[in-house]
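Enquirer: Let me begin by handing over the structure; questions about it come next.
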């Protein structure tokens, strides 16, 4: 596989299988789990540029899969951080076609992808809306492109939302803080236009993997044993809910 996206989840399954194998949970199916782990390592190696079918990257080394909402593929780096901890916990490196890759190499590569997304790129543009000073102003998002009812309480029809507001060339009046956009093309180019949906459209699957990725990177270089057995002993009596009206 060369991608992990909203509708292609193979790499996620392969990563979990690799974890179960290294935890010793494969049992009599170890030979099958080894094949899954081999595929997972191949996927990660291709991301690093050490595989047999390396993924495409922009001139500034951002993972590039396709022009439409490419950032969802960049956030596959989430798996690299997870696998990094699995291999670190097992005390081993990852096998690649052109040599081994250490756990810290996976972390370092993931951080560079996130740094690019947040502004360390040729355009000095943060592709997360509201983060840093230079971020896209014309997000392809209808509600964000319409003025707040607190500013103008006039009723906005569905057609009017497009004709009057969405088609404007001005910056969005409502800031969609935290939204990760589609991002640049294969040459690090980006056009901040609301009608450029391939690059300026936000999506939950752009953001979702980034949460796990940022959470891991915030932990720094500490050792996290991800192969230890986990237990959840929460009972109903230990849960407290507060309801408000």
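Positions of Cβ are set from backbone N, Cα and C atoms, glycine also.
As the structure is a computational prediction, the values presented were derived from the model and not from experiment.
Okay, these came from TrEMBL:
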DOMAIN    2-214  domain 'Glycoside hydrolase family 9'
ACT_SITE  192  active site
ACT_SITE  201  active site
Enquirer: Among all the protein chains here, how many other CB atoms are within 10 A of the CB of residue 192 (active site)?
Expert: 16
Enquirer: Looking only at C-alpha atoms, tell me how far residue 201 (active site) is from residue 192 (active site), rounded to the nearest Å.
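Expert: Residue 192 (active site) has its Cα 10 Å from the Cα of residue 201 (active site).
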Enquirer: Can you give me the average pLDDT across the domain 'Glycoside hydrolase family 9' (2-214), rounded to a whole number?
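Expert: Average per-residue pLDDT within the domain 'Glycoside hydrolase family 9' (2-214): 92.
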